[in-house]
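Here it is: the structure, laid out below.
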Amino acid sequence: MRILKLLELVVKVSLFTIALSSVLLAFLIFRATDAKVEIIRGDHPEIYDDSAENEVPTAASIQREAILETLTNLMLESRTPGTRQIREEKSTIPISAEPTTQKTISVLDLPNNCLNASSLKCEIKGISTYNVYYQVENNGVIYSCVSDSAEGLEKCDNSLNLPKRFSKVPVIPITKLDKKRHFSVGGKFFISESLTQDNYPITYNSYPTNGTVSLQTVKLSGDCKITKSNFANPYTVSITSPEKIMGYLIKKPGENVEHKVISFSGSASITFTEEMLDGEHNLLCGDKSAKIPKTNKRVRDCIIKYSKSIYKQTACINFSWIRLILIALLIYFPIRWLVNKTTKPLFLWYDLMGLITYPVLLLINCLWKYFPLKCSNCGNLCIVTHECTKVCICNKSKASKEHSSECPILSKEADHDYNKHKWTSMEWFHLIVNTKLSLSLLKFVTEILIGLVILSQMPMSMAQTTQCLSGCFYVPGCPFLVTSKFEKCSEKDQCYCNVKEDKIIESIFGTNIVIEGPNDCIENQNCIARPSIDNLIKCRLGCEYLDLFRNKPLYNGFSDYTGSSLGLTSVGLYEAKRLRNGIIDSYNRQGKISGMVAGDSLNKNETSIPENILPRQSLIFDSVVDGKYRYMIEQSLLGGGGTIFMLNDKTSETAKKFVIYIKSVGIHYEVSEKYTTAPIQSTHTDFYSTCTGNCDTCRKNQALTGFQDFCVTPTSYWGCEEAWCFAINEGATCGFCRNIYDMDKSYRIYSVLKSTIVADVCISGILGGQCSRITEEVPYENTLFQADIQADLHNDGITIGELIAHGPDSHIYSGNIANLNDPVKMFGHPQLTHDGVPIFTKKTLEGDDMSWDCAAIGKKSVTIKTCGYDTYRFRSGLEQISDIPVSFKDFSSFFLAKSFSLGKLKMVVDLPSDLFKVAPKKPSITSTSLNCNGCLLCGQGLSCLLEFFSDLTFSTAISIDACSLSTYQLAVKKGSNKYNITMFCSANPDKKKMTLYPEGNPDISVEVLVNNVIVEEPENIIDQNDEYAHEEQQYNSDSSAWGFWDYIKSPFNFIASYFGSFFDTIRVVLLIAFIFLVTYFCSILTSICKGYVKNESYKSRSKIEDDDEPEIKAPMLMKDTMTRRRPPMDFSHLV
């Protein structure tokens, strides 16, 4: 008994000792650590212990040393024995004035958990075209990382779609939505180092920093030169770059080409396929962009092979039609003869074809009796003659009216014998397959199959294609294959520069050369520069660049990149290199750099007025006012329309040409920008947990940020305790969340303030060549004509005050869109600035926005369901207004072209009557000036301004050697004259003379000297001296289908000219009426001729002799004319 009591006492003492030890240990632990910090990237907690024994840097600072090409980040590790720093304080500890108190280490010496992802637990959070965003966990701490390499991430969660490697071509972000569809080559994660409260620690490659992550659309960047070439088969151009690696691709605006970028080093050759020559594709190479000219490969090949021979070119170009004609001849003669002769021997083939096509044959035969043009006797097809063939539809031997009742297909009797059988019976099958209609159809199918077999064996083109060497491409103009490599950047300094007050001393390493010169640095640069490289930067580039150099390091210097094609300054070049490094410092500067475009890819094909497709109309003056002929012109306000007017008062020898061309018509909208919205790609969460206290206690260590904050209390109770925390109904978890936005899919929301109809109208002819913008608000007026718009906006889909969205595809969308600062559940949330900073969101998260979890033994966790408002998914309810992409001007207005009529364009033209009279004497032309600028042998030509004074009013023809002109006739008035003329010259017209022929009279001609010509040869793909391009353009103009159509309608110009704006419509109506009239008369003539032949009326009748004149031997009357001596002829068959 005593032993049992002794054992009981020992157990109680042991339990008491264990309990006391636990309490003491917990007290000691609580003194050492007050709480835990958990940071979540997405759904994963990241834990920092704020204990004195286990320190983790709560702040970082970067100290930069002076080096030549790149700068190294240094992090300071600061010890904080107290609690965690408040969020509103600086996220980095300021550098102390005493360098001896700092502990400075290299970033490369710090343990980088992002680089050890293969041996740690990691998860892929996002994959872009050029890098990856992921998180790794080490000792309960989760680190957020962005890397340009996929090495070591194969074992991470969500790595199924992770590529083996990312492209290394340099890219920079695009912020302007209208540039995305032209230059977008994918997306990339960038770090924005802005001085805002929403920053958090992030590591890019191996460089730690504080900022926010966003997914941006990117474009290519770099120095690239496109080598000109004669654009002929095999349609190859060459590109070169001095950089170590460069990217290029061929892109059609709006096309998704994020994985089609091709990298090269040094030089590369590009061969264009036929689909790339449609005039819509662009060649993008680094900063350069070039429009691939529209080229009809088939036409160009024929023109090159049969140059200077228009007949051979026509035969080669139209060879596809010749092939069809040949096949048609083969089908209708030998193949048809062969099919007809083998019908019976090949009965098995026709039975098989009939079995395959039986449903079609059955349907055609059953519907035949309802066909309006069938023969009334036997059912054959009858369109013109209304006569039947000898064999009817049921293969009767002769045609007769009784066949209709005998043939089951044409019979309408319900009790026919065949109605007893099913449609699928053998009786019906034999009947259907053996009808005349079915046999004719099966024969036709057989002929087509034989023709297709023969067609496939014929050559596709008469023009031979040139083959390239195996594995190489020929570069036109170069006799060799160029594979030169450029020198790489040096790994260490090669020179030394010492800037003094009065001189500069330069020393070249490895030599004994020392150069001394005067101090010619930039003036008024007041900043401290101690190291040698700082002095050099201050001297040559200024203090602004030195500030970037010190505070914004370049991890990759890109020393070969000059940015010359964009015209970047030294500061702009440095910022562009920072963007290449994946760092965004300022969205305003970024937008400026990404908005720069080098090349002609955005240039529209500004061709001259297409006179070959415009209708021609003779125009009569309406009245005479003050000695001037007044012409009243009215046209439909539709883009691409126009008219060529021929003016003549019946006194002048030649008509005067006056052309009106409406180049484009649309609506100019003035808008007010509201906000930007984008989808949420991931969420960053930062929270802090306490064992005791409430939200106020928690906020002492985790301060409020102002938006998207949350707090959960109580968090400590039975069953929800961390180790050594025995509080009941105590504790709190507080923090905030920040979203990572996919700016690649962002929409910008605008409010429409005003709409105005705008038309670009080009005038050519006797008034010279000029294009003017006319609006509905302000009529256009000059000395010779007036123009105004009669607006009609009832078809416009955008109303004033409506909210519209400008999408990443540059299209305009409308629908239910949330207004600014409106939490309604419509498309438009989150509401952001251009750089992805929220401007309207939830101040405090609610219970439905997150979930909180804990365990009896373990850490607490917070999962964010929705960080703020998110209605981006409602974008599917938006409606695209137009298929035409638009570009905004300073985010305040845009122009949207319309494909329908917006009203009427009314013009009043007053021309002096002297223009239509022969000049009485040679005019006196003084103060002449003719200046031109542009390119030779190109689509744009030379834009010239002709100015002079005249003492007479007259009409004149103009010409100049080796040049074609946009207009060959001018209306000259008395006094000052000014004309815009476009010249297309094969040689430089500088110092040549333009000749004016008043009223076409060479005896009183006047010469004007070309004063100045500025030739600006653009760097693009096609060479400006491409003679084949000129021949192709000439051929297309001469053989245009529109030109042929206008030629057919031209006989009706005079009548149609009296109907004003209905000119072209009347011409078409008259042409159709003329065709019907001719067809009707031809039908009557055919019927008369057929009756004449059928009745043998052409045979001679016996002659009739007159008793009174027996001496007359020649027959005067024919037998068929003696209608009184024979019964009347039956002409019922002609009806």
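Using the three backbone atoms N, Cα and C, a Cβ is placed for every residue, glycine included.
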Please name the cysteine among CYS114, CYS122, CYS156 that Swiss-Prot pairs with CYS145 through a disulfide bond.
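Here Swiss-Prot pairs CYS145 in a disulfide with CYS114.
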From ASN605, ASN1095, name the one Swiss-Prot lists as N-linked glycosylation site.
ASN605
To which residue among ASN210, ASN340 does Swiss-Prot attach the annotation N-linked glycosylation site?
ASN210
If I look at Swiss-Prot, which residue among ASN116, ASN395 would I find recorded as N-linked glycosylation site?
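ASN116, according to Swiss-Prot.
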Looking at Swiss-Prot, which of CYS224, CYS366, CYS375 bridges to CYS285 via a disulfide?
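As annotated by Swiss-Prot, the paired cysteine is CYS224.
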Check for me: which candidate out of CYS156, CYS302 does Swiss-Prot give as the disulfide partner of CYS122?
CYS156
In whole Å, note down how far the CA of ASN980 (N-linked glycosylation site) lies from the CA of CYS145 (disulfide bond).
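Cα to Cα, CYS145 (disulfide bond) and ASN980 (N-linked glycosylation site) are separated by 60 Å.
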Count the Cβ atoms, other than its own, that fall within 10 Å of the Cβ of ASN980 (N-linked glycosylation site), considering every protein chain shown.
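The Cβ of ASN980 (N-linked glycosylation site) has 17 Cβ neighbours within 10 Å.
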State the count of C-beta atoms found within 10 angstroms of the C-beta of CYS285 (disulfide bond), not counting that atom itself.
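There are 29 of them.
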Fewest other CB within 10 angstroms, which one of the glycosylation sites ASN116, ASN210?
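Each of the glycosylation sites ASN116, ASN210 was scored by Cβ atoms within 10 Å; lowest is ASN116.
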Could you tell me which three-state DSSP class CYS156 (disulfide bond) falls into?
coil
In which DSSP state, out of helix, strand and coil, do we find CYS122 (disulfide bond)?
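Looking at the DSSP assignment, CYS122 (disulfide bond) belongs to a strand.
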Measure the Cβ-based neighbour count of CYS145 (disulfide bond), defined as the other Cβ atoms within 10 Å of its Cβ.
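Looking across every protein chain shown, the total is 24.
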Go through CYS114, CYS156, our disulfide-bonded residues, and report the one whose Cβ sees the most other Cβ atoms within 10 Å.
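Within the set of disulfide-bonded residues, the most crowded position is CYS114.
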Where does CYS114 (disulfide bond) sit in the DSSP three-state scheme?
helix
For ASN116 (N-linked glycosylation site) and ASN210 (N-linked glycosylation site), what Cα-Cα distance in Å is obtained after rounding to a whole number?
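So the Cα of ASN210 (N-linked glycosylation site) lies 20 Å away from that of ASN116 (N-linked glycosylation site).
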Measuring Cα to Cα, how many angstrom lie between CYS285 (disulfide bond) and CYS114 (disulfide bond)?
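The separation of the Cα atoms works out to 33 Å.
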Return the member of CYS122, CYS156, CYS224, ASN980 nearest to ASN210 (N-linked glycosylation site) in space, with distance defined Cα to Cα and candidates limited to these recorded positions.
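Closest by Cα distance to ASN210 (N-linked glycosylation site) among the recorded positions CYS122, CYS156, CYS224, ASN980: CYS122.
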